[in-house]
């Protein structure tokens, strides 16, 4: 089951208290509902793999459903999600480094950057050599870092509430409907993990248990997200940060542990998240190319992409809006729209009318949520950038 929790449980949980506070306590129904929908669509991916045993990845399912166009569409959304998620990770790295090294002052004559920005550049440079590793199996254990980080963060918030370090007496609004489009992207991103489910399915000794395991995993994750959201919103109210680690009391020991976990996790993500793109790039290179040349091309490309990601993260340091845009623009398609579309096309001959109606409804629901969420988060980013420049 841990294989399912690794991709699903991670960065998105940081913003669930912020999303609940800004959407109202009734938006928890949307959080739980999206968890149910994503559990269902993971089941659909398993059914697609049952129908086409040769398919081994998310892009293979896309090709089985809609030919080469389906593969291209699936690959485009996958790479977009990886790219945008890494921008969010880097923003989170920057924000938490500011607290971990609060009071630290560093400067460089050649760079017009703040201390926190320079610290982020240094942290990314430290992580950069991992992109040149030929065999990622040596650091594959780091993929479990997401679960460890999540456990630490949840424990930090729970202990803060249990020991009364912060009083949980803030009243959560019932519903703030104007914020629903924006926070829906945050909720959706919390469940993003579907791109690796086909690999997990194929690695299972008994694939027939795929649906059962995915349902249990999503149920567990949804319960933890909901509990964390209510604890954080009740403790900090309107002052809750878009990352719950930034709201925890600074003199609390476990807060420092949580912040260090949030700092270290992004640094392990660059090589791991870049791996699918690196493998695809490797396949596209000429077979006559030597292994050292392949490594140089792969490492250089990865390094350039990370530098671009770093530049964007420092230029648009608005974690909640970038994460919401990622969820609304990309994750909703990968988690809801595309799985329903793939399943409907692949299983069309044997598809019952109720299932057809359900899948079409979910496709429509995903598209509406995605469009309104993308517009809302894009407007927020533009407004924040304009406000920063005018200041």
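Each residue, glycine too, has its Cβ placed from N, Cα and C.
Note that TrEMBL annotation is computational and uncurated.
What TrEMBL records for 8-375 is domain 'Amino acid transporter transmembrane'.
Sequence annotations record features per position, and here TrEMBL assigns transmembrane segment to 25-46 (among others). Using a Cβ-Cβ cut-off under 8 Å and counting only residues 6 or more beyond its ends in the same chain, the transmembrane segment (25-46) has close neighbours at 16, 19, 58, 61, 172-175, 180, 183-184, 187-188, 190-191, 194, 197-198, 201, 207, 210-211, 214-215, 218-219, 221-222, 225-226, 229-230, 233, 335-336, 339-340, 342-343, 359, 362, 365.
Feature annotation from TrEMBL assigns transmembrane segment to 72-91 (among others).
Residues annotated as transmembrane segment in TrEMBL: 111-133 (among others).
Among residues of the same chain six or more beyond the transmembrane segment (145-168), those with a C-beta under 8 A of the stretch's C-beta atoms are 2, 5-7, 9-11, 13-14, 17, 224, 227-228, 231-232, 234-236, 244-245, 248-249, 252, 254-255, 257-258, 261-262, 264-265, 268. Positions annotated as transmembrane segment by TrEMBL: 145-168 (among others).
Annotation comment: TrEMBL describes 180-201 (among others) as transmembrane segment. Sequence-distant contacts of the transmembrane segment (180-201) (same chain, at least 6 residues past either end, Cβ-Cβ under 8 Å): 3-4, 6-8, 11-13, 15-16, 18-20, 22-23, 27, 30-31, 34-35, 38, 41-42, 45-46, 49, 55-58, 60-61, 78, 81, 85, 207, 210, 214, 218, 221, 225, 276, 320-321, 323-329, 331-332, 334-336, 339, 369, 372-377, 380.
Under the heading transmembrane segment, TrEMBL lists 213-237 (among others).
TrEMBL lists 257-275 (among others) with the feature transmembrane segment.
Per TrEMBL, the feature transmembrane segment maps to 295-315 (among others). Long-range Cβ contacts of the transmembrane segment (295-315) within its own chain (Cβ-Cβ under 8 Å, at least 6 residues beyond either end) map to 83, 86-88, 90-91, 93-94, 113, 117, 120-121, 124, 127-128, 131-132, 134, 270-271, 274, 277-278, 281-282, 285, 289.
Annotated transmembrane segment per TrEMBL: 321-343 (among others), in sequence order.
Note on the transmembrane segment (355-375): residues 37, 40-41, 44, 181-182, 184-185, 188, 324-325, 327-329, 332-333, 336-337, 340-341, 343-344 of its chain, located 6 or more positions outside it, place their CB under 8 angstroms from a CB of the stretch. Annotation comment: TrEMBL describes 355-375 (among others) as transmembrane segment.
Taking every recorded stretch in 213-237, 257-275, 321-343 and counting its Cβ pairs under 8 Å to the transmembrane segment (72-91), the highest total belongs to 321-343. Comparing 213-237, 257-275, 321-343 for CB pairs under 8 angstroms to the transmembrane segment (111-133), the maximum falls on 257-275.
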